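First, the structure itself, so that you have it in front of you.
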Amino acid sequence: MTDPEISAVETVLDNGKFGTRTVKFETGLLARQAAGAVTAYLDEDTMLLSATTAGKHPKDHFDFFPLTIDVEERMYAAGKIPGSFFRSEGRPGEDAILTCRLIDRPLRPTFKKGLRNEVQVVITVMALNPDTPYDVLAINAASLSTQLSGLPFSGPVGGVRVALIEGQWVAFPTHSQLENAVFDMVVAGRVTETGDVAIMMVEAEATEQTWDLVRSGTQAPTEEIVAGGLDAAKPFIKQLCEAQVELANVAAKPVQDFPVFLDYEDDVYDAVEAAVKAELAAAMKIADKQERNDRTDELKDEVLAKLGEQFEGREKEIGAAFRSVNKQVVRESILRDKVRIDGRGLADIRPLHAEVGVIPRVHGSALFERGETQILGVTTLDMLKMEQQLDTLSPEKHRRYMHKYVFPPFSTGETGRVGSPKRREVGHGALARRALLPVLPTREEFPYAIRQLSEAMGSNGSTSMGSVCASTLALLQAGVPLKAPVAGIAMGLVSGEIDGQLQYVALTDILGAEDAFGDMDFKVAGTREFVTALQLDTKLDGIPAEVLAQALTQARDARLTILDVMAEAIDEPEEMSAYAPRIITITIPVDKIGEVIGPKGKIINQIQDDTGASISIEDDGTIYIGATNGEAAEAAKNAVNAIANPTMPEVGERYLGTVVKTTNFGAFVSLMPGKDGLLHISKLRSLAGGKRVDAVEDVVSVGQKIQVQIAEIDDRGKLSLVPVVEGDQADSDTAEAGSEEE
């Protein structure tokens, strides 16, 4: 066997005072039977393998490009054994799914249009510095392995994460550095023929520290700052693309001839355009989505019937051409007349509605509507021990704020599968979570696990941004003290030549059809002061800076309008629901934790059983006590304090105790965990109507609750008790006890 021919190239990204990051690409050693394979390294201690493979035969019955991106997180990469029952990795976690989406979004548009062969890119995380995010390295590795594969691919695509730290945009920041970042942004793009970088995808968010950093005087991530971050990412993207090209020039396979299946031929398009364009233009002015869709469906059926004989066997082409004509009609109306599908102006927002408390008994609920998009937000609060436990390669091991997004088929008037979330739903939930994370209270300020569910009740454009609005309302109604309300809006862009001039038109609050027919999907969420999350996907080779600035300005204006409407529904946290748990926080010495827990959990379980409260103990001695009513939580707090922060009991103090043991000379009564006293048989007369008591069991039994008072404490701390009865009986018994002893 001959030695493999290994080729490699590396590039060093300079972050100035923050040091350098070295990215290395290598091919020829691993996965040699894949069409293209690349090993990518970041600073020699993080290693990914990306392998691209194409199916041998096209799926000509598909009307889409069958591209699959898979990310495999190997736990050995971090020196861990999986925590599952079978100790295997199992299904991909949320981080892996989100990384798949990050790769798919910029890669998919770069394949040749009409390709129908199945293409699969598998990225395996093989070694990982726990302080290093691997997602942007995976974008570059997937791009390069695809370039080497011989597929018709117009890459390379470069991806970089830049974070705003101490006023500087830092490339490939570590998790430690991100703790001091104001804004975190993943940007992907490619180098154009002019040498400029065309941005294809952006995924960005403020951090959990942003609010405090801004309050301490750090520059807030405003729209202008975010636009500057996009420019700062371009040199790094260009550098990574050049490194990919250098290796591809040495190791890439020749581009193979793959059959291309165009959606339609020109003759079909011309016939469809002549037959239906005028009527389609009228149909696309119908404001109501359902009526508009019904009319376009009618027109499509008419065209199929009219042209079916002329183009026999080419019905799929007629359908595709119909969609293309529809797209052209919508775009021309926007570019020429500045009029949109539903008759709105370019910056107009659809009618807004917001209300809270729409579901009984739940801890918080809200309904947010923007036109035909309708989102239900529901908040649930619980003890911190109910926060999500994560067994992934990420340093995040538990998640206090969980945000789930559900998109049922009825939200678009269709039937379909319900159940486990698809990748799109995972992505939308993650986007809404990132938008709200910077304004959530800390664990110390609000010691609750928070689960937010966003349900799309109706969909016609940007349910993800609607989820942000509905969630803000529901959280406030649940009593969560947000630092500021957050709203989101989806922007669009249409470009084209009109009378020989290239025009760009930014659209506010896009419909579903405008999203499909436009050139950009741009979602922006934030407070009144700054941006908290941003997501951008574009089909263009580049967006001029002034066009992007205009879109950001329109988004800010729309966001402020939406926040005003939300404030009319609720503008500050309400009182917590009577059905939500009440949580009390206390701190005990660390060396007392064992005493509170007791042998095999005996003491803590007894406190929980006696009071009905739930208790969670942190390693630092912080104890969270939760109960559905304040009395139970207070009783549990007193019981814990009696053990961990004890005060010596005094004669005359009264307790509601529990009989834990009976003997022939009396009953032992537990006043609190770890503190018992003796109720002598002679003191039971008052409970027996003043009669002599021959057997303790005739008066009290184990488990019985009894009100007692401390009559005496001896030198060894032993407690003598007397029962408390109505009137002054307890006091007379105490006096009688003293006279008998005399």
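Just so you know, glycine gets a Cβ as well, placed from its N, Cα and C.
Swiss-Prot feature annotations, pasted as is:
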type	residues	note
BINDING	Asp515, Asp521	Mg(2+) binding site
DOMAIN	581-640	domain 'KH'
DOMAIN	652-724	domain 'S1 motif'
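Locate each feature and note its surroundings.
Cβ neighbours of Asp515 (Mg(2+) binding site) (same chain, under 8 Å, six or more residues apart in sequence): Gly461, Ser462, Ala490, Gly492, Asp521.
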Could you tell me which three-state DSSP class Asp521 (Mg(2+) binding site) falls into?
strand
Just give the helix, strand and coil counts over the domain 'S1 motif' (652-724), going by DSSP.
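Tallied per class, the domain 'S1 motif' (652-724) gives 11 helix, 37 strand, 25 coil.
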Could you give the number of helix, strand and coil residues in the domain 'KH' (581-640) as assigned by DSSP?
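Across the domain 'KH' (581-640), DSSP assigns the residues as follows: 32 helix, 16 strand, 12 coil.
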Just counting, how many other CB atoms are there within 10 A of the CB of Asp521 (Mg(2+) binding site)?
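Total other Cβ atoms inside 10 Å, all chains included: 20.
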